[in-house]
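Undergrad: Structure provided below as structure tokens; questions to follow.
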Amino acid sequence: MGVADAPSPGNVPVLGDMKNRSAAEMKISVLALRALTLVLLVIALALMVSNKQTQSIPIKLPGMASTIFLKKTATFSQITGVQYYVGALSVAVAYMFFQMLAGLFTILTTGSIVGSKSRAWVTFILDQLIAYLMVSAATVVAEVGYIARRGETKVGWNQVCSDFKHYCFIYGFSLVNAFLATIAFLPVVAVSAFHLFRMYGAQSAQSK
């Protein structure tokens with residue numbers, strides 16, 4: 001190796017500093033994305049649970065000249081799909097809060113964001129499950145919302161958003177936050193997978 005190819009004395013510290021800085025930035029980014037996901041999930045859940053509207057619906061019965069009005073109240077508990085959405089988001093909120101606390105504790109005690117290999121496996125599997133849960137919940141509610149807005153004439157379902165405009169608006173706002181939470185969480189899922197398989201890559205390199 002010639003003189004020109006020899007590493008300068010400052011190369012190793014500089015590369016080490018860059019690696020440490022990159023690892024620190026990744027830790028902060030993952031925690032920030034988990035926090036953002038948690039906030040969006042809480043907003044989506046709070047909007048759906050608190051969403052309620054009572055409206056007088058005009059009904060004209062056959063053989064009656066006058067129109068009667070029935071009071072109806074729209075809430076999340078009336079539709080099974082929306083109940084699933086509320087339950088799924090509740091689980092996701094609890095998980096995200098726990099993972100944030102566990103992540104902070106792991107960073108403060110070990111300096112790593114994943115800790116041991118077993119912890120990395122648990123995080124990887126649970127992140128995958130929660131991501132699927134969030135996607136399925138948002139998809140179900142999106143389909144229910146579409147039918148509520150457009151109706152389904154083939155099975156005789158009328159659209160109801162013309163009568164419950166405020167409820168449908170809040171419903172849609174909750175759904176938007178749920179999809180944004182899912183988008184924010186996807187990079188976290190990718191990072192947890194990256195950390196797990198990097199552990200096995202490092203172990204394989206050491207054994208050679």
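Using the three backbone atoms N, Cα and C, a Cβ is placed for every residue, glycine included.
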Undergrad: Indicate yes or no: per Swiss-Prot, are Phe76 and Val144 on the same side of the membrane.
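TA: Both are annotated on one side of the bilayer.
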Undergrad: Among 88-108, 121-141, 169-189, point out the range having the most Cβ pairs under 8 angstroms from the transmembrane segment (28-48).
TA: 169-189
Undergrad: Same chain only, please: residues at least 6 beyond the ends of the transmembrane segment (169-189) with a C-beta under 8 Å from a C-beta of the stretch. Say none if there are none.
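TA: Sequence-remote neighbours of the transmembrane segment (169-189) are 29-30, 33-34, 36-37, 40-41, 43-45, 47-48, 51, 85, 89, 92, 127-128, 130-131, 134-135, 137-138, 141-142, 145, 148.
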